[in-house]
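Colleague: Following this message is one structure expressed as structure tokens.
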Amino acid sequence: MSTDNKQSLPAITLAAIGVVYGDIGTSPLYTLRECLSGQFGFGVERDAVFGFLSLIFWLLIFVVSIKYLTFVMRADNAGEGGILTLMSLAGRNTSARTTSMLVIMGLIGGSFFYGEVVITPAISVMSAIEGLEIVAPQLDTWIVPLSIIVLTLLFMIQKHGTAMVGQLFAPIMLTWFLILAGLGLRSIIANPEVLHALNPMWAVHFFLEYKTVSFIALGAVVLSITGVEALYADMGHFGKFPIRLAWFTVVLPSLTLNYFGQGALLLKNPEAIKNPFFLLAPDWALIPLLIIAALATVIASQAVISGVFSLTRQAVRLGYLSPMRIIHTSEMESGQIYIPFVNWMLYVAVVIVIVSFEHSSNLAAAYGIAVTGTMVLTSILSTTVARQNWHWNKYFVALILIAFLCVDIPLFTANLDKLLSGGWLPLSLGTVMFIVMTTWKSERFRLLRRMHEHGNSLEAMIASLEKSPPVRVPGTAVYMSRAINVIPFALMHNLKHNKVLHERVILLTLRTEDAPYVHNVRRVQIEQLSPTFWRVVASYGWRETPNVEEVFHRCGLEGLSCRMMETSFFMSHESLILGKRPWYLRLRGKLYLLLQRNALRAPDQFEIPPNRVIELGTQVEI
């Protein structure tokens, strides 16, 4: 979606409802059921129902309304949000050592997202399909196969883009939230006593009465706020105000009414705990509700998949993941992308999770650790931005951080109890992604430093070539260079082996700035280094895709005429070998070699015609 000025506020707000709130909007399917299912040692008791409802409501108020919508969303990079954006903002005005710590926090947060994203589609779709147990109990054996079929279709359509079906997301999700509100209100009217749980003292009473068990039960309460990171991550698509407006006018009232409606039902009929959401509906509405619930969970899953694609692109462009094929599925919207490798790896992981856990209640045990871990990191990073970038009073910032952590840390600690019952899954996946990202970044830096150790001066080499030129051949040669003031390896090897040089030489560097977009005015910088040498530096934001043809067009506008099909592109292709290392660094080196072999080649990254590319190999020890 785009927040084009021509779009009206209601249209953008409706679109935000369709995308941003899919995950948190489907939480009523399973949250209260997991809270009161008996796993914590108490059943459907009045004090327990009131306590859980009070905790859920005030978590929605404090975590979503105050922390994320009011505070965290103030931290934006040209309107964009997300944990990696927060990481880069926090590290702008800090020491090198502090910046390194903040980068590690940001990468852990991003890794947690990868771990949690495998569970979200599985638990959402399964919890909707489990409505079959109410409609037709004899079909309960079909829950797993039907869940896999639905998700298979969802992952298959990713390559075609979601622009067409995406237009339906907003009205479907608006209908979903209105149904949530209607079902809840109907039940509350029948038993208005449940509204007493709006009083936060019921949450306090819950802790005093149930003591240690109540603390462990926070691991189930947190299910009500899963998906809260999407509010911040999708800020660039819709803007702050539409996301806030959607929350306070539609989403929060609907969620509150539905949770309290389920509570009212349970007070009246404790046996409804087997599936309080679907049992809110009259019998005639069960099948339509099952259908709309399935659609809502598919939309929630789609939002998560799109989020993975966006995070992966950002990590690739910032140098934390190896280059991979990224396909744009819309000519109008740069945010609509498809990454085949990520799509099918995620699909395989989701199917394995569904087959292994078999029921959404089992998956709920795996849910929450990564979410609450990311919440802790977001609190630290966002308050760092408030102190270092906004220059807020340090004591005021400290109070904000303490308030956030007083909620985040108990939630995270309570979820650690899930570690053996399924919480190991997102943590394991997150750990793998953290190792991959830190390995690629550190080993890539080591490789570039090794390649540039020759220490030859670019200016001195150009002066020498102009003074005593080798044989010059007609045409233009472009040498891709990762660093601005370093002699490209391909140039040195071409002179060493071929002993010729083109009449015109362009040293081209494509760099990614710490911003989502770069204005066209700043896209290309051209510097003539000598009569036959030019340096071209093209800058892109991490939401943009570098394109050499566009760079040539910009060069032509500034007086350096280049024609793609009359230009030879020289690139170096490194053959890497591992030097002597300790065993743990050797393992990391082998992982890097694997990533390097499977990385997208530079000509494919920058859309250079293959018949214009000349690759010169070189062996480098790292």
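Backbone N, Cα and C define each Cβ position, glycine as well.
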Colleague: Given the ranges 188-208, 419-439, which one is assigned the annotation transmembrane segment in Swiss-Prot?
Modeller: 419-439
Colleague: Residues sitting near the transmembrane segment (165-185): Cβ under 8 Å, six or more positions beyond its termini, same chain?
Modeller: 1, 14-15, 17-19, 21-22, 25, 28, 157, 250-251, 253-262, 280-281, 289, 292-293, 295-296, 299, 302
Colleague: Counting CB pairs under 8 Å, which listed stretch among 103-123, 213-233, 247-267, 337-357 touches the transmembrane segment (396-416) the most?
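Modeller: Top-ranked stretch among 103-123, 213-233, 247-267, 337-357: 213-233.
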Colleague: Who are the long-range neighbours of the transmembrane segment (9-29) in its own chain, taking Cβ under 8 Å and residues 6 or more past its ends?
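Modeller: Counting only partners 6 or more residues beyond its ends, the transmembrane segment (9-29) has Cβ contacts under 8 Å with 1, 3, 64, 120, 124, 127-128, 166, 169-174, 176-177, 180, 223-228, 230-231, 234, 237-239, 241-243, 245-247, 249-251, 254-255, 258-259, 262, 277, 293, 296-297, 299-304, 306, 360.
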Colleague: Given the transmembrane segment (247-267), which of the listed stretches 213-233, 276-296, 337-357, 363-383, 419-439 has the most Cβ pairs that are under 8 Å apart from it?
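Modeller: Per the Cβ under 8 Å count, 276-296.
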Colleague: With Cβ-Cβ distances below 8 Å as the criterion, list the same-chain residues six or more beyond the ends of the transmembrane segment (363-383) that contact it, or say none.
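Modeller: Sequence-distant neighbours of the transmembrane segment (363-383): 30, 34, 63, 67, 71-72, 75, 83, 86-87, 89-90, 102, 105-106, 108-109, 112-113, 115-116, 119, 122-123, 126, 219-220, 222-223, 225-226, 228-229, 232, 353, 357, 397, 400-401, 404-405, 408-409, 411-412, 415-416, 418-419, 421-427, 430.
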Colleague: Looking only at the recorded stretches 103-123, 137-157, 276-296, 419-439, which one has the largest tally of CB-CB distances under 8 Å to the transmembrane segment (213-233)?
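Modeller: If we count Cβ pairs closer than 8 Å to the transmembrane segment (213-233), 103-123 scores highest.
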Colleague: Residues of the same chain, at least six outside the transmembrane segment (276-296), with any C-beta under 8 angstroms of its C-beta?
Modeller: 22, 25-26, 28-30, 32-33, 125, 128-129, 131-132, 134-135, 150, 172-173, 175-176, 179, 183-184, 186-187, 258, 261-262, 265-266, 269
